Amino acid sequence: MRPPPLSHDTKCMKILSWNINGLHDVVTTKGFSARDLAQRENFDEKDVEKFKNLIADYDSYWSCSVSRLGYSGTAVISRVKPISVQYGIGIREHDHEGRVITLEFDGFYLNYRVNNWDPCFSNYVKILEKSKPVIVAGDLNCARQSIDIHNPPAKTKSAGFTIEERESFETNFSSKGLVDTFRKQHPNAVGYTFWGDNQRITNKGWRLDYFLASESITDKVHDSYILPDVSFSDHSPIGLVLKL
């Protein structure tokens, strides 16, 4: 169960993260309106994977693949202007697909990250944490617990739920002090963010998308949630409300 909304006089920031599978098809075929979603959710920050169309009245920052044009990329669309923006993690072989953008705000870093190279990314986050807390947002391509996947016994050899991937998640993120905000707030809730072909209608899904937060900032997390009704992609958006 989600908590009640904060009072209007409580300062907060609302962040959405969404892995969009093929933005062109979503926009042209399914009638997706980024502005409609922005107005409905009234967000301050939006991490949209592979999102390259801009929303008026928001600042936007994007990083695209330079190894395969049109293959991958990330974008952050923000109503709050960041102090600084950094692209990549500073390791050339990991930065050519446009997978990471880091925005610095007054009280924390917001980092969007996609799959792969867990140890290098974990080290990058720990460097950021030396100066202020970090929030990691995005598709981490791992269902970290049995509750995060439909029919776990049948999926133990499936990419995204192997023992090796889950151990890497725990070693590089959970054990390093990054808190899974959705699971902390909803310890027993079944909530998925990704579905394979024709599996959304039966809710045979995976929870692959996360907001991970430094322990020092988790007391400011008011809400961490999933928007399963937004079905334009194979992933649903996830949201975080952070008290300032």
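The backbone N, Cα and C atoms fix where each Cβ goes, glycine too.
If you check TrEMBL, you get these features:
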type	residues	note
DOMAIN	16-235	domain 'Endonuclease/exonuclease/phosphatase'
BINDING	ASN19, ASP139, ASN141, ASP234, HIS235	Mg(2+) binding site
SITE	ASN141	site 'Transition state stabilizer'
SITE	ASP209	site 'Important for catalytic activity'
SITE	HIS235	site 'Interaction with DNA substrate'
Practice task
Summarise the model confidence on the domain 'Endonuclease/exonuclease/phosphatase' (16-235) as a single mean pLDDT, whole number.
Solution key: 85
Problem - Candidate binding-site residues ASN19, ASP139, ASN141, ASP234, pick with smallest Cα gap to ASP209 (site 'Important for catalytic activity') - result: ASP139
Practice task
Reduce the DSSP letter at ASP234 (Mg(2+) binding site) to three states and note it down.
Solution key: coil
Practice task
Within 10 Å of the Cβ of ASP209 (site 'Important for catalytic activity'), how many other Cβ atoms can you find? Include all protein chains, please.
Solution key: 24
Problem - Neighbour count (Cβ, 10 Å) for HIS235 (Mg(2+) binding site) - result: 25
Problem - DSSP-derived structure type at ASN141 (Mg(2+) binding site), helix or strand or else coil - result: coil
Fill in the blank from the handout: Judged by other C-beta atoms within 10 Å of its C-beta, the most isolated of the binding-site residues ASN19, ASN141 is ASN141
Completion exercise
Counting Cβ atoms within 10 Å of each Cβ, the densest environment among the binding-site residues ASP139, ASP234 belongs to ASP139
Fill in the blank from the handout: The correct three-state DSSP answer for ASN19 (Mg(2+) binding site) is strand
